[in-house]
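Student: The structure's right below; bear with me while I get my questions together.
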Amino acid sequence: MKLIVKVFPEITIKSPPVRKRFIRQLAKNIRTVLRDLDPELAVTGVWDNLEVETAVEKPRLLREMIERLCCTPGIAHFLEVHEYPLGDLDDILEKCKRHYAGQLPGKIFAVRCKRAGRHPFTSMEVERYVGGCLRQQCGAAGVSLSAPEVEVRMEIRDQRLFVVHRQHDSIGGYPLGALEQTLVLMSGGFDSTVAAFQTMRRGLMTHFCFFNLGGRAHELGVMEVAHYLWQKYGSSQRVLFVSVPFEEVVGEILGKVDNSQMGVILKRMMLRAATRVAERLKIDALVTGEAISQVSSQTLPNLSVIDSATDMLVLRPLIASHKQDIIDTATRIGTAEFARHMPEYCGVISVNPTTRARRDRIDYEERQFDMAILERALERAHLVPIDRVIDELGEEICVEEVREALAGQIVLDIRHPEAVEDGPLELPGIEVRALPFYALNNRFKELDSNRQYLLYCDKGVMSRLHAHHLLSEGHANVRVYRPA
């Protein structure tokens, strides 16, 4: 299979040195993202597009390659093409007929030709000649340049002809690794996951920072969604997952701060801590999922007071977004189900939270706060590469993996229902039940405790996370199913 990758249009208007650097970075990222599917993958080209060529023929692997490229920052879209040596107009016609003749009978069509290099014909001459012949020879109903039912597309580059088979849209943005780094404050809900996606999509390397307010299940859930975002949209670069224990900070706020000011002061403490983490990692900016007036702490006066806790740039990609638009984006990128079923721990609840915080009042309340507690939280912050979050769950609990399911065991397919529908797990003689990851923790206690359950997912990441959580809750009848 051969692909022609079209880069994000904003890359093409950069100066030549910057443009080349960005495209080289994109080529490197593509190799990294696809190398486990094809170690011999070839990625060439350095100027306006890239050519990707693979000898892989298995449909499942090809579909996975296409899916990954559709989620790779820096790519506007890419074309599946058939390549031929360039001949004369009659030869071009024959190659187009080979791929499009079966699609044209009774259809309105158009021919689109893009050309680069020196040739004895123009792009328009190719379109007119090929279009006229196809209409006569293939039973087409007619030609429409403005509203065709079928587009016959080709690209001519020097002495090569590419007949386009299919186009796939990607997410645009700049290649990860070409721009600066950010640290996103993650709660695992709709807002923070979409904010993280927005910065990753734009091309900013995005590290994850979670403030643990006291819930182990919440921490595991945020680990899971952070790993999902990285694996789907950012796996070309290694980033960190940072967990900061904030239980003592919450306790100090509850005991020392006036009820109405708690929410704003908690956010200020988080920004202070995140700033210290970012400075330690030489990260350039913080990212939050706040939107104007979505909750009481997000009014303009409150955001201004919150931001005064740090000198670091705070990016808010969702600042003018409507909640439904955020939810729709989360659904599209695959984080909505994580967010809907994210375990929560709310340790700071203001009965009458202020919507117009005053700096002098906040300063007074913070003078009651023992800042040594914040320092202790930072000393206990745990940093781990995002691809190793599973290994860092704790050595005290061993998650057993099995390669084969035995009679009497039940395999729980915890993948998203759409993934189950696209590729159902079938094991002869073994009972397989679909139980989505987002419902597993609540519904597992309803299952027969005398049976053995094997958790299954495509990568083994979610299954290990949930097996670890269930084992830590005392369910000893859980293992992970990882077929060879």
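From the backbone N, Cα and C atoms, a Cβ is placed for every residue, glycine too.
Note that the structure is a prediction, hence the values are computed from the model and not measured.
What Swiss-Prot shows for this protein is this:
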type     : residues                               : note
DOMAIN   : 63-167                                 : domain 'THUMP'
BINDING  : Leu185, Met186, Lys267, Gly289, Gln298 : ATP binding site
DISULFID : Cys346-Cys457                          : disulfide bond
DOMAIN   : 405-483                                : domain 'Rhodanese'
ACT_SITE : Cys457                                 : active site, cysteine persulfide intermediate
Student: Fill in the CA-CA distance, Leu185 (ATP binding site) to Cys457 (disulfide bond), as an integer in Å.
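Tutor: A Cα-Cα distance of 27 Å.
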Student: Among Leu185, Met186, Cys457, the recorded positions in question, whose Cβ has the most other Cβ atoms within 10 Å in this structure?
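Tutor: That would be Met186, with the most Cβ atoms nearby.
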Student: Determine, using Cα-Cα distances only, which of these binding-site residues is closest to Cys457 (disulfide bond): Met186, Lys267, Gly289, Gln298.
Tutor: Met186
Student: Where the record says Leu185, Met186, Lys267, Gly289, Gln298 bind ATP, what is the longest distance in Å from one Cα to another among those residues?
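Tutor: Value for the max Cα separation, rounded to a whole number: 16 Å.
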Student: Could you give the number of helix, strand and coil residues in the domain 'Rhodanese' (405-483) as assigned by DSSP?
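Tutor: Secondary-structure composition of the domain 'Rhodanese' (405-483): 28 helix, 16 strand, 35 coil.
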Student: At a 10 Å cut-off from the C-beta of Lys267 (ATP binding site), count the other C-beta atoms across all protein chains.
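Tutor: Within a 10 Å radius of the Cβ of Lys267 (ATP binding site) lie 23 other Cβ atoms.
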Student: How many neighbouring Cβ atoms, not counting its own, are there within 10 Å of the Cβ of Gly289 (ATP binding site)?
Tutor: 25
Student: Taking DSSP as the reference, which of helix, strand or coil describes Met186 (ATP binding site)?
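Tutor: DSSP call for Met186 (ATP binding site): strand.
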Student: How many helix, strand and coil residues does the domain 'THUMP' (63-167) contain under DSSP?
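Tutor: Summed over the domain 'THUMP' (63-167), the classes give 37 helix, 38 strand, 30 coil.
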